[in-house]
Ligand SMILES: Nc1ncnc2c1ncn2[C@@H]1O[C@H](COP(=O)(O)OP(=O)(O)OP(=O)(O)O)[C@@H](O)[C@H]1O
Ligand SMILES: [Mg+2]
């Protein structure tokens with residue numbers, strides 16, 4: 001294993017829980033607890049991200065060594081690692097939930113890599129911490145595969161995200177009641193090592209604020225600005241205001257990317273919102289197959305559908321409002337925070353318009369183009385149209401003939417396709433008129449659209465197929481899917497099956513259209 005440079009700023013600069021024992025507890029006046037991962041029976045490396053390993057300073061030989069699996073299973077520490085669990089709270093499904101904290105995530109330390117980048121390493125599923133409440137601190141293989149694959153897929157799609165270094169099997173069983181119906185089963189355990197410049201969440205600020213611990217809050221804000229936003233200048237409230245506006249901006253950019261690629265996070269609680277605007281916590285997430293703003297993958301959310309696809313920008317805004325409420329303890333008045341929230345709206349609106357232009361292959365987004373996109377989305381919802389296939393097909397449209405053939409495979413239902421055919425033809429006519437009104441050659445329009453509209457996304461059923469095989473001991477499906485997702489915008493001859501629309505068998509199957517929070 002290599003010698004890596006660790007600079008563990010979080011534990012060095014911030015107050016620790018004085019209690020270092022294992023017990024479950026409320027932790028006041030401290031931002032984390034020191035806790036070691038619990039060793040597992042039989043660590044085995046099941047998959048890794050070669051790009052991330054290289055970037056951190058691990059060679060392929062390092063990755064293949066038994067020590068690598070030991071470290072990333074939590075059985076051994078590398079020199080310089082100082083493990084801890086962070087203390088945070090959060091609003092879950094709209095309600096304040098009090099102290100939550102890393103109940104199964106354990107950070108190992110912060111690496112400074114060869115080019116000076118800071119990367120924190122964090123195991124998910126590494127065993128109990130003082131924040132585990134009534135749960136076991138572990139994660140199952142199925143959810144770990146989903147987290148591992150989606151982290152990397154999102155990165156390759158150009159969506160801000162935490163990354164994944166490794167997926168390690170523990171050789172232990174974990175009991176889960178997947179449907180919360182009193183039928184627990186034993187599943188294989190696994191641990192993902194995720195990687196990000198910072199794992200600070202909105203909830204890390206909300207907790208000290210909820211306890212009126214203004215000094216602890218201030219300490220965390222100062223630390224976060226210094227470590228995670230070093231480009232910001234100024235001091236005091238003016239600096240805090242700038243910082244909050246940055247958080248709003250980054251959050252808006254992240255959600256606009258989700259909307260562009262058809263990603264539904266599924267559980268946008270404030271403890272699952274990263275201060276860096278990175279997608280974090282790949283739990284009951286899902287990818288939109290047939291375009292539907294009302295769809296949520298999370299079975300726990302099926303009644304209220306708070307976290308449905310089309311609602312994500314509003315929820316992000318609401319979450320920023322909770323963060324602003326916490327930060328207000330550091331301000332004399334609320335105007336600077338309101339300015340920040342306005343920055344969210346402006347940034348999101350601009351990013352959404354940019355999505356319209358890029359997804360439709362327009363030179364710019366004019367006001368009427370927003371309506372053009374809206375009309376298309378209404379049509380896609382009504383006619384049950386696959387979002388990913390449709391936009392790729394649209395890039396191939398011949399605007400002289402308006403032959404809808406390239407769009408045909410995007411439809412899930414023949415009857416609905418026929419019913420929607422006249423409306424679609426009319427829309428294509430409007431679209432063609434708009435395209436004639438710009439001086440962009442067809443080949444260039446196509447290239448632009450194909451750079452914004454992925455050919456391959458991590459469709460829920462594809463991940464589930466890889467999981468089914470992995471459960472039988474065959475991990476090649478995970479590696480292959482990871483490889484396909486490395487180049488999501490390119491045609492990959494021979495891999496057309498990975499771009500196919502959701503098959504009928506997957507329509508109502510658990511893991512394919514309905515995802516459990518139980519992980
Ligand atoms: N098996 C578990 N053992 C202990 N704590 C858990 C477990 N599952 C979830 N938690 C805790 O419950 C809270 C909310 O869970 P949530 O599902 O949002 O997070 P998560 O999937 O564990 O992880 P993360 O947000 O770190 O990706 C968090 O405090 C989390 O640490
Ligand atoms: Mg979480």
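The backbone N, Cα and C atoms fix where each Cβ goes, glycine too.
Feature annotations, courtesy of TrEMBL:
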| type | residues | note |
| --- | --- | --- |
| ACT_SITE | 271 | active site, proton acceptor |
| BINDING | 101, 103, 104, 124, 136, 137, 194, 201, 281 | ATP binding site |
| BINDING | 272, 281 | Mg(2+) binding site |
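This view paints the features noted in TrEMBL onto the structure.
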{"residue": "101", "record": "ATP binding site", "contacts (Cβ under 8 Å, 6+ apart)": "27, 33, 85, 86, 87, 88, 129, 130, 131"}
{"residue": "104", "record": "ATP binding site", "contacts (Cβ under 8 Å, 6+ apart)": "124, 125, 126, 127, 128, 129, 132, 135, 136, 137, 138, 139"}
{"residue": "194", "record": "ATP binding site", "contacts (Cβ under 8 Å, 6+ apart)": "121, 122, 124, 147, 151, 162, 163, 164, 165"}
{"residue": "271", "record": "active site, proton acceptor", "contacts (Cβ under 8 Å, 6+ apart)": "88, 89, 90, 91, 92, 97, 100, 201, 202, 203"}
{"residue": "272", "record": "Mg(2+) binding site", "contacts (Cβ under 8 Å, 6+ apart)": "90, 201, 265, 280, 281, 283"}
Quiz item: Which binding-site residues from the list 136, 194, 272 come close to ligand 1, meaning a Cβ under 6 Å from one of its atoms?
Solution: 136, 272
Quiz item: According to DSSP, does residue 194 (ATP binding site) fall in a helix, a strand, or coil?
Solution: strand
Quiz item: Given the binding-site residues 136, 281, which one is most crowded in terms of C-beta atoms within 10 angstroms?
Solution: 281
Quiz prompt | Conformational class of residue 272 (Mg(2+) binding site) under the three-state DSSP mapping | solution = helix
Quiz item: For residue 104 (ATP binding site), what is the secondary structure state per DSSP, taken as helix, strand or coil?
Solution: coil
Practice problem: Can you tell me which of 104, 136, 194, 272, 281, our binding-site residues, come within under 6 Å of ligand 2 at the Cβ? | Solution: 272, 281
Exercise. Find the longest CA to CA distance in the recorded ATP-binding set 101, 103, 104, 124, 136, 137, 194, 201, 281; express it in Å as a whole number.
Key: 22
